[in-house]
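See structure below.
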Amino acid sequence: MIRTVATTPFTDQKPGTSGLRKKVPVFQQPHYVENFIQSIFDVLPAFKGRTLILGGDGRYYNREVIGKVIAMAAANGVGKVMVGKGGILSTPAASHLIRKYKAFGGIILSASHNPGGPKGDFGIKYNAENGGPAPEKITDAIYARSRKIGEYKIAEIAPVDLDRTGTVEVGAMVVEVVDPVCDYADLMESLFDFTALRRLFEKGFRMRFDAMHAVTGPYAKEIFENRLGAAEGSCRNFHPLPDFGGHHPDPNLVHAKHLYDEMMGPDAPDFGAASDGDGDRNLIIGKGIFVTPSDSLALLAANARVAPAYMTGLAGIARSMPTSAAADRVAHKLGVGLYETPTGWKFFGNLLDAGLVTICGEESAGAGSSHVREKDGLWAVLLWLSILAARGESVKDIVEKHWAEFGRNYYSRHDYEEIKTEQATRLMEGLRARLPSLAGTQVRGLIIQSADDFTYHDPVDGSLSEQQGLRILFQDGSRLVLRLSGTGTSGATLRIYIERYEPDPARHGLETQDALAELIAAADDLAGIARHTGRNQPSVIT
Ligand code: G16
């Protein structure tokens with residue numbers, strides 16, 4: 001039986017950088033989830049009788065929302081829901097299933113790297129037919145609908161057993177519970193030379209992969225240990241837990257410090273990596289060296305040809321604006337296009353669909369390729385392993401040779417988390433107002449060449465995205481970028497991206513924070529960070 005339930009709108013269902021992310025208790029309010037899901041169905045073009053992909057990163061409240069989405073899909077005329085066993089799908093695996101099974105789209109339940117649990121974060125994201133996060137025109141329409149919604153439809157059904165693969169009928173709809181790992185692992189096997197990778201491990205290569213008790217555990221076990229023969233125990237924390245063991249499933253140097261410490265230790269394995277809550281981010285650490293995501297993107301692009309999927313070369317490279325220009329130098333050398341987009345994977349979708357780029361990446365620990373329309377943590381790890389297998393050198397040697405050839409982009413991001421929204425807004429508005437007068441002035445001995453607020457003109461559909469980050473470019477090629485995060489769930493997070501290019505190999509061995517000290521001080525002089533926020537140091541440095 002289908003019920004039509006009267007409801008009233010919530011005013012806060014505006015998707016951010018990557019879907020709607022809020023604290024669990026917000027999602028637990030009566031009708032909150034239902035309103036948002038109905039708003040998605042209400043704005044989509046014809047999907048009746050077609051397939052929807054459904055899954056999440058297994059965090060607290062995942063199963064309950066999976067149940068609601070199935071019941072609402074049945075009531076709204078979806079033909080089939082394909083859901084990962086246990087309600088689990090990594091974000092890149094969901095993207096792959098949408099494409100492989102020609103679904104009309106997917107609903108992914110995740111708050112990515114944010115912590116989980118009853119008081120933690122939850123999120124709902126809609127991915128479109130190309131497998132990628134819905135573009136702004138769809139998310140804007142969902143938000144507009146959520147402001148007006150007056151009713152939603154839900155079917156009264158018996159709960160589907162999510163723990164048994166197979167097909168069941170739910171009214172006129174079919175629900176297929178699928179193994180979440182198999183299709184994805186097969187896709188990886190089609191992109192990379194698994195025989196060469198098996199040989200690498202046979203020779204005694206040691207890796208440590210930390211799944212951070214998040215979604216990639218079962219995927220990593222299957223791919224690294226079962227299919228590639230990495231020693232048992234190479235994968236750590238591989239049981240997905242609803243609260244990620246009480247930690248932040250954020251693969252950075254703060255939340256994966258244990259991995260960093262191990263990789264800097266005397267008995268470090270050859271290669272260390274981690275992924276986040278929903279499996280789209282990656283952290284890469286070699287023996288004695290952390291690879292910044294920006295450098296990793298440049299290195300992956302420069303060496304991609306070692307993998308069968310990229311043997312014939314890249315169509316182009318895309319990076320988000322705050323990501324360092326290291327990839328630009330690689331694109332230049334390869335003679336391919338370099339595209340600079342706003343923060344948010346959704347902006348890469350058009351470029352990938354149009355065949356303009358093959359590899360994309362972001363400073364926020366994301367890299368991916370045209371194989372799916374999401375960033376893909378395990379893909380990045382497998383491409384790194386392929387490079388290590390082909391070159392037979394250490395991560396450190398490969399990175400240092402890359403810097404010697406292209407120069408080094410010293411790079412760091414300073415985050416000021418959970419500051420008051422009014423303070424953050426005042427800081428950004430103050431600096432934005434001063435941008436037109438900054439060119440030609442000096443700060444800390446650095447001459448400002450230009451300053452602007454980044455606007456993106458999508459070269460494929462002509463759409464315009466404004467106010468995507470304040471940029472201050474210096475005459476020596478250094479750069480500061482300031483923007484507010486679109487993924488936080490309490491207060492505001494100010495991100496400051498700091499970059500300095502150093503061509504001279506004799507000066508490539510500096511500590512990153514030392515190399516950037518003047519720029520860090522300049523950022524405070526320009527934006528009044530301490531004055532506005534009352535903070536003297538960032539909460540996270542990556
Ligand atoms: C999401 C987006 C990324 C973005 C990141 C950080 O990643 O998909 O494109 O770079 O958020 O965004 P912000 O700086 O606005 O917080 P994820 O891994 O959280 O889904």
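Even glycines carry a Cβ here, placed using N, Cα and C.
Just so it is clear, the model here is predicted, and its values are computed rather than measured.
What TrEMBL records for 1-16 is compositional bias 'Polar residues'. Same-chain neighbours of the compositional bias 'Polar residues' (1-16): 22, 26, 29, 31-32, 34-36, 39, 74-75, 125, 134, 139, 142-143, 146-156, 171, 486-487, counting only residues six or more beyond its ends whose CB sits under 8 Å from a CB of the stretch.
Taking DSSP states H, G and I as helix and E and B as strand, the domain 'Alpha-D-phosphohexomutase alpha/beta/alpha' (13-152) has 51 helix, 38 strand, 51 coil. Look at TrEMBL and you will find 13-152 (among others) tagged as domain 'Alpha-D-phosphohexomutase alpha/beta/alpha'.
Under the heading domain 'Alpha-D-phosphohexomutase alpha/beta/alpha', TrEMBL lists 184-285 (among others). Secondary structure of the domain 'Alpha-D-phosphohexomutase alpha/beta/alpha' (184-285) per DSSP, as helix, strand and coil residue counts: 40 helix, 16 strand, 46 coil.
Residues or ranges marked as domain 'Alpha-D-phosphohexomutase alpha/beta/alpha' in TrEMBL: 294-406 (among others). Taking the domain 'Alpha-D-phosphohexomutase alpha/beta/alpha' (294-406) as a whole, pLDDT averages 98 in the prediction.
Sequence annotations record features per position, and here TrEMBL assigns region 'Disordered' to 1-21.
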